[in-house]
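A.B. asks: Just dropping this structure here.
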């Protein structure tokens, strides 16, 4: 069979912070798939890079008193260290602040411009008169134009969920300097995604997406065929000062970070190609027969399934074969939290003495091909790793290897290796391979653990420790140990993409060549004696997990005594007096949260399905994702403004407002708290 040629990427981590376990979901998912493809004999290149450009990097470097280049170089070293620690096997890990990336950005931009897909338009933005810079959405705060909530970002309100443009904010201020921004016009460059050519191409391209959720979301963005396109042109430029690449022929204008970041995939591969003599154009040209896959989080699906393929298609490059999106990580059913210690950094995990392959295995046991979220339940983590990897898998080798080495010089009984058990294990290979290929890791490991149970049942039946007591049963002991270790070798082939370091240890003590998928059709040989058994993995100790949480838990003790005073200081002044008639216009009702889910493309909103006792349910968007997971809210009672006029939002129509409490200065006193009526209240009850 002809080997496949595959280019694989993971999303680029931003060069403004540490790698944490939420990031690692994606890199471990990708790495398992890449390692499996290598074991299958395919030509695979896995490339990545740090995403280095943009205002946040520029401002952080300024705050630290260093240059942006010094900052991104330091962060690159930290990120590379963390990926190496978790056995993420990049063929090349690079930076978007590289000459290859500059050249590719300019080439793609000029090709799009030549094809009349770049437009220039005047844009009015907020400008910081102190810092002399235009302000991105996240660097402006003010009062929500809809509900009046203070300290809301420039793109949406976390209290009521309304989305808006920054210039809609009331009493805006610059997060950078605190100054009141002024409105200022500037010429910006847009990629014309609304061009009919882009729409036609994207409708064809979406048909090949593997994930139904991704295809459905694309259809939402594209709208029904024959209707007016819902696609909007994309602002690809930013004004100086900006850390990034200047746009050719446009002094003081820079490529927006989201343009040069995905192009960074190609820049990293080009850097690798130049070092290894790979024909770059043969892999990424429009007629390439290679495959190209992007593993990403579902929050950046929009960029990778609309802008990125359209940019490639109309600038003379091949388009992705597929995009694979995964869900978000929760810990013990809740968002990662610094106060609880569950915002776990990669480095703290390693520093605590935790084995990276424990986490690789646990994530693999939870991952599938969908975009659903996954939860790291710490008690389950301890139990599953200790049960599956230690109690079941490693236990096989520890029960058989010693006898084979001591009694038989490590030489297997080759005649015994015709045992039906081994045939059963080999017959599972196509199914295991199919599940790895489809990214259904949880199903693959479930099957492997079922096979492991079968092997352990064989060992329990044969009882080599009993056979060893009777010299007359020497041949039976030899056969039992030989079959057990050959079974262990086959199981190791199946687990190698997930636990490569353990697999390397197995290869050493079994005295075999590095295991790939073809090794399934081979077997242990008496001419290559098994070596003395070396311990492969230790059990997870609950005390280690406690220490990990403690290492990541922010100390609240120092701030606790002043918490009350701080909260009091942040209380907003009481609003102007209203009459009872004014209040009577507001219809507050008890509502039951029937369903709840995160809103695709929003880091703030939750979509709630509410029962107000009307005989139907209502759809309400609420900006409380920072405080609650969907699982925490389903089944709860809350309070809703029931007679608020429905409003059309970016993500749908909201038919009410969930009431929540927060401090006036959420930065100083973070936290959102939905209102809950006492037990006994039922949906539909009026509050007054």
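Cβ atoms are placed via backbone N, Cα and C, with glycine included.
It should be emphasised that the depicted structure is a prediction, and the values quoted were computed from it without experimental measurement.
According to Swiss-Prot, the feature Zn(2+) binding site maps to 144, 147, 157, 160. What Swiss-Prot records for 338 is ATP binding site. Annotation source Swiss-Prot lists domain 'tRNA-binding' at 582-688, citing sequence analysis. What Swiss-Prot records for 13-23 is motif ''HIGH' region'. Among the features that Swiss-Prot reports, motif ''KMSKS' region' is placed at 335-339.
Could you place the listed features in the three-dimensional structure?
C.D. replies: If you draw a 10 Å sphere around the CB of residue 147 (Zn(2+) binding site), it holds 16 other CB atoms from the protein chains shown. The secondary structure of residue 147 (Zn(2+) binding site), as reduced to three states from DSSP, is coil rather than helix or strand.
Same-chain neighbours of the motif ''HIGH' region' (13-23): 50-52, 54, 56-57, 60, 71-72, 75-76, 78-79, 82-83, 95, 328-329, 331, 336, 343-347, 349, 359, 376, counting only residues six or more beyond its ends whose CB sits under 8 Å from a CB of the stretch.
When averaged over the motif ''KMSKS' region' (335-339), pLDDT in the model lands at 84.
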A.B. asks: Under 8 Å between C-beta atoms and at least six apart in sequence, can you list the same-chain neighbours of residue 157 (Zn(2+) binding site), or say none if there are none?
C.D. replies: 144, 146, 147, 149, 163, 164, 623
A.B. asks: How many Å separate the Cα atoms of residue 338 (ATP binding site) and residue 160 (Zn(2+) binding site)?
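C.D. replies: That separation, Cα to Cα, works out to 25 Å.
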A.B. asks: How many neighbouring Cβ atoms, not counting its own, are there within 10 Å of the Cβ of residue 144 (Zn(2+) binding site)?
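C.D. replies: If we count other Cβ atoms within 10 Å of residue 144 (Zn(2+) binding site), we arrive at 23.
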